[in-house]
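S.K.: Before anything else, here's the structure in question.
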Amino acid sequence: MPCPKILKQCKSDEDCCRGWKCFGFSIKDKMCISR
């Protein structure tokens, strides 16, 4: 699955593309980021 160019909301790293991290300071506002 290709990585989306936009940051998408997530709950865990599994929601993100491979090699991306689920990051955020609040539980409701976590986003996928590329390392």
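Glycine is treated like the rest: Cβ placed from N, Cα and C.
Remember, predicted model here, so these are calculated numbers, not experimental data.
Swiss-Prot feature annotations, pasted as is:
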DISULFID  C3-C17  disulfide bond
DISULFID  C10-C22  disulfide bond
DISULFID  C16-C32  disulfide bond
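Help me understand the surroundings of these features in the structure.
M.R.: Reduced to three states, the DSSP call for C22 (disulfide bond) is strand. Here C22 (disulfide bond) comes close to C10, K11, S12, D13, D15, C16, K30, M31, C32: these same-chain residues lie at least six apart in sequence, with C-beta atoms under 8 angstroms from its C-beta.
The local packing around C16 (disulfide bond), expressed as other Cβ atoms within 10 Å of its Cβ over all shown chains, amounts to 23.
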